[in-house]
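Below is one structure, written out as structure tokens, with a few remarks after it.
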């Protein structure tokens, strides 16, 4: 597509953005219980609109060439992504669950389930920093050094005699198979000759033979024509893809080449822009800098004189933390500036006096909070209040910049998509002015001291820096003591790789986690039934909680803080695959703190503390990082089994929880735990540590259908070869089986030999059922046990309580209606 196409897409996106910003709820708006459904609908609509905007901005940022527009697009893209995460948090608070049934909203907005897909910004992988690339290269080098040692340990020596015996066995087996095939053919020929001798050969006349040949040939031709006509009809109505695969592949290849060429142009234009930035800054500093400096000095001197004339003394110069001389240039009179400075001094005195009264106030505030909470509990109408957004100011600023600068500016002046020199000079002029202001402030402070000595005979008074606003002591973080001050981070990184705590993740994308969405979620909700999440919902939640937050520092800062996720589900549901997908999509390090992997490493009394310190220190420096804890129930065991007491799986628990609490906004470190048996863990500790708990049930029919279809196609089988395969029957039969089971059965059936036979022997559903029957499914009792545990989590309890309240209210309403009818 051309640059004009992306420009029009950008303009259309801003038109939509303007409408969406008008629909935003006001912050701290109370949400009443009776308004819950309407508020849920509003938030759902906003969520879907912002998802669409995220998709458009992602495409525009990836393909637009002009460097200044791309900077604005990047801020908008991060702001919209942050808003999507905030709305997701609001939906969880309203729905009291991690699964949101938006099928009714999709239908009313005339959208499709594809619009529910969370787009992952492409720049997460394309614009990885040099630090991340160097770290990946360092990991590859360390693993390459370790591979020969591991292979030497694993390989067992073999004598010449043993090798000869193995070769002889293989050769004899080959000759035996060949001999058996030859004898089978001889027996077939003998059997055929025997039948001919017994029955006699049927004799045909020339005409009869011709008729038989014509019949067979005409039947063959007619079947081919009917098959071709059916194929054309199915392609015409869109039920089958076009048979011309080469045309489609050529179109995709051409589009890929076009995208890559635009990305190459982006790099070229960015280099030009960086050179222009340096030249413009230097030019403005040389040409306009001296005039700016003199003008500022004159203004400040005039302010000194006016203040002295009004008050009889020279003013206190604003310090740098307050803005310095910027306060003087903000269109204020000397009297106003003096009043502001005096007000600041009085406030500082008041704060010092109020320090002694803080304890009394805290007690009163606690009492007030208790009374408010009691009132809120007594008042069932108020559910919660809308939280203020950190992303909307960023989005508003970006939208205003687009409206004021780029909306009315066309690309006729710069068809080559080069930077706009006028806009660049305006931006750099402000920067140069700020730099010169700092220099002028230093000079004028000294001049003010000299004036006080010469005119008022005052000695220099030390300027007190304004004290920071006092916050609650509980909110302050204690600075963590560095237990490895004499070690470089690179050496610590290498040490963790060598002992196996840092591992290389497999290249798995989030789209490889196959699943379909829940189509009847709203229907189940209206029937007061709790819908189970589909595999599509799990993939979306991982994209929201894991990928978007770890991919960008700005998004992580704006989004609600989520430090840990727990994935609960039976074996074979792809929990570890999701962890690796997060690492692949964001380029994150993978730390393995599973109890089995930690066993025997950093022993001793303080070994656990040192281990957590090194892991989190390296994870923070080389962020983004994912800390995976497999079989996490062992870390939170209620009672450690006898056979696992040597492992001591709970030894890192306290230090792990302490280190996790130190993570804040901007620390792109995510802890992801996986478990199949959460019932063995202490419920309170597990739920307190993991902030988000995602339950992965057995796949439903829609997900199983997509799994069978996609997994078979991924084995190199085209759509035409699977026409005779009843995938719907396979999806029905495989109820209770996990994606891992389905993949095992497909790999068992589709061997190399079977793939070669597809042209003569099409696939049949019974082939897969035979192998599937050999595997143990997830029994209903196991899933019910996991559900019962999940409903005991804090969010699960709230959901159950809310559902029961709704059922009771519905029963009461029906009872009233019956009484009225009587």
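Every residue, even glycine, has its Cβ placed from backbone N, Cα and C.
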Stated Swiss-Prot location of region 'Disordered', expressed as one of 297-337, 338-378, 379-419: 338-378
Annotated region 'Disordered' segment (source Swiss-Prot; candidates 457-484, 485-512, 513-540): 457-484
The one of 569, 570, 574 whose CB sees the fewest other CB atoms within 10 Å, among these binding-site residues: 570
Listed binding-site residues (575, 576), ranked by Cβ neighbours within 10 Å, top entry: 575
Site with most surrounding Cβ atoms, counting all protein chains shown within 10 Å, from the binding-site residues 571, 572, 573: 573
Per DSSP, three-state class assigned to residue 569 (ATP binding site): coil
Additional residues around ATP, ordered along the sequence, whose Cβ is within 8 Å of the centroid of 569, 570, 571, 572, 573, 574, 575, 576: 567, 674, 676, 696, 738, 739, 740
Three-state composition of the domain 'IQ' (206-235), taking helix and strand from DSSP: 30 helix, 0 strand, 0 coil
For the domain 'IQ' (206-235), mean pLDDT (0 to 100): 90
Secondary structure at residue 575 (ATP binding site), reduced by DSSP to three states: helix
